[in-house]
Amino acid sequence: MRVVCPGSFDPVTNGHLDIITRAAATWDEVTVLVTYNPNKNGLFTAEERADLIRRSLADHVGSGGVTVDGAAGNSTAGDGAGATPAAPRGRITVDTWDRLLVDYLTEHGVTAMVKGLRSSLDYEYELPMAQMNRRLSGADTYFLFTNPRYGYVSSTLCKEVARYGGDVTGLLPEPVVEAVTRKFAAGS
């Protein structure tokens, strides 16, 4: 079964990678869908975010049998150190989308989504969207609880810390730490 992990991922965090790789341990194919959110002020373009996700996944997934589309020659990388304990079994692809999520689901024949929940606040935000997506497309939304070590980590918080020179190592994948540091050094 193919599922979509949608989000703005601006930027992708280690919490996101945890959810994505755990989804890949459960489903045959996971598409990480970088979406455009007009309510969020983006640091990276959608294509930059997609590239950072591919590079970060290639470093993160270890040798669990996952193929990451477009990263490191479509192969897994690393020795598994720090990877999610559940060995990913499926293929992970990354795509971008700037319209309604349900349009993507319908056009690509996807009937399920996976979202991560850090707290009850995330649930309160995600539940109405899941219900609307179900109404519009028939797609189910599966929720995975975030690993507690990432329960407070958000893209917004990491950007704010990095903007003022704080250390986001361990919260963001290494390719993202480097990219965020470059962006803020350049005055973004």
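Backbone N, Cα and C atoms are what each Cβ position is placed from, and that goes for glycine too.
Keep in mind that TrEMBL annotations are predicted by a computer and have not been checked by a curator.
Within 10 Å of the C-beta atom of H16 (ATP binding site) sit 26 other C-beta atoms, taking all shown protein chains into account. Under the heading ATP binding site, TrEMBL lists S8, F9, H16, G116, L117, R118, E126, Y150, G151, Y152, V153, S154, S155, T156.
DSSP assigns S8 (ATP binding site) to coil, not to a helix or a strand. S8 (ATP binding site): 18 other CB atoms within 10 A of its CB, across all protein chains. The substrate binding site annotation in TrEMBL covers S8, K40, L101, K115.
Looking only at the domain 'Cytidyltransferase-like' (4-160), the predicted model's pLDDT averages out at 86. Residues annotated as domain 'Cytidyltransferase-like' in TrEMBL: 4-160.
Classification of H16 (ATP binding site) by DSSP places it within a helix. Positions annotated as site 'Transition state stabilizer' by TrEMBL: H16.
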**Study point:** Close in space, distant in sequence - S155 (ATP binding site), Cβ under 8 Å, 6 or more apart
**Key:** S8, F9, D10, P11, V12, T13
Review point. The record names S8, K40, L101, K115 as the residues that bind substrate; what is their largest Cα to Cα distance in Å?
Key: 18
Check your understanding: Of all the binding-site residues given, namely L117, E126, G151, V153, which is spatially nearest to L101 (substrate binding site) at the Cα level?
Key -> E126
